[in-house]
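Colleague: The following block contains the structure, expressed as structure tokens.
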Amino acid sequence: MRNLAFVFLFCLLSSLSHAIELDFCVGDPSLPRGSEGYACKDSAKVTTDDFVYTGFRGEKTPNNVFGNNVTLAFSDVFPAFNGLGISMARLDFAVGGVIPVHSHRTSEVLLLVKGSIIAGFIDTNNTAYYKRLEVGDVMVFPQAMLHFQINIGKTPATAFVSLNGANPALQLTPTSLFAGNLPADVAQQITLLSHEEVTRMKRIFGTT
């Protein structure tokens, strides 16, 4: 038992010493991405600009069937996030626009900065937690829970989200079912939709 405790303590101290070995690890996206993220950029070549992301500037025009525009700031486009376990995104909604049901590997916190939306998530007991949010409101979506946002206002809406992972991934449920290579007959069986409804959905996503 004492030996086991020693091994645990040694591993813990080793991991901590590794974690503070570098002040930061700005990723180098030109190199292959590993399970722990990108390899570090040569510190001699790191500048202040590496720690600044300008992709959220300006107006964003919703440009898809859902009436939204999502600007991601994950580690592949903002390499300063590499190794820090955080990322961000900007969500822009047209009037009536939605972010459809989706999930991430991580938890998410949302801050509404313009407009009025309904936001919510559904837990594994199929209980929905949702609320109308106004400017300045913040909502948390626990890790891996299906969640969504809907612009219910009469003007466009904008929100910013932060996630506790540098590469949290994004899986949209409608896109997964109807925009990929899942055969229509399988989609029909697992969704209980009719053949006509599945065909219509695949047509919307350009896969028929």
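Residue numbering: from 1, along the chain as shown.
The backbone N, Cα and C atoms fix where each Cβ goes, glycine too.
For reference, TrEMBL lists these features for the protein:
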| type | residues | note |
| --- | --- | --- |
| BINDING | His102, His104, Glu108, His147 | Mn(2+) binding site |
| BINDING | His104, Glu108 | oxalate binding site |
| DISULFID | Cys25-Cys40 | disulfide bond |
| DOMAIN | 54-199 | domain 'Cupin type-1' |
| SIGNAL | 1-19 | signal peptide |
Colleague: Quick check on the domain 'Cupin type-1' (54-199): DSSP residue counts for helix, strand, coil, in that order please.
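Modeller: Here the numbers are 22 helix, 57 strand, 67 coil.
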Colleague: Counting other Cβ atoms within 10 Å of each Cβ, which of the binding-site residues His102, His147 scores lowest?
Modeller: His102
Colleague: With every protein chain in view, how many other Cβ atoms are within 10 Å of the Cβ of Glu108 (Mn(2+) binding site)?
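Modeller: So the Cβ neighbour count for Glu108 (Mn(2+) binding site) comes to 22.
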Colleague: Round to the nearest Å and give the CA-to-CA distance linking Glu108 (Mn(2+) binding site) with Cys40 (disulfide bond).
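Modeller: Computed Cα spacing between Glu108 (Mn(2+) binding site) and Cys40 (disulfide bond) is 26 Å.
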Colleague: Quick one: pull the CA-CA distance for His104 (Mn(2+) binding site) versus Cys25 (disulfide bond), whole Å only.
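Modeller: Rounded to a whole number, the Cα-Cα distance is 23 Å.
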Colleague: Kindly state the mean pLDDT of the domain 'Cupin type-1' (54-199) in the predicted structure.
Modeller: 96
Colleague: What are the other residues, in sequence order, whose C-beta lies within 8 angstroms of the center of the C-beta atoms of His102, His104, Glu108, His147 at the Mn(2+) site?
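Modeller: Result: Ser103, Phe121, Phe141, Met145, Leu146, Leu163, Leu170.
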Colleague: So of Cys25, Cys40, which of the disulfide-bonded residues has the fewest other Cβ atoms within 10 Å around its own Cβ?
Modeller: Cys40
Colleague: Would you count the other C-beta atoms found within 10 angstroms of the C-beta of His104 (Mn(2+) binding site) for me?
Modeller: 22
Colleague: Whole-number Å distance between the CA of His147 (Mn(2+) binding site) and the CA of Cys40 (disulfide bond)?
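Modeller: Rounded to a whole number, the Cα-Cα distance is 33 Å.
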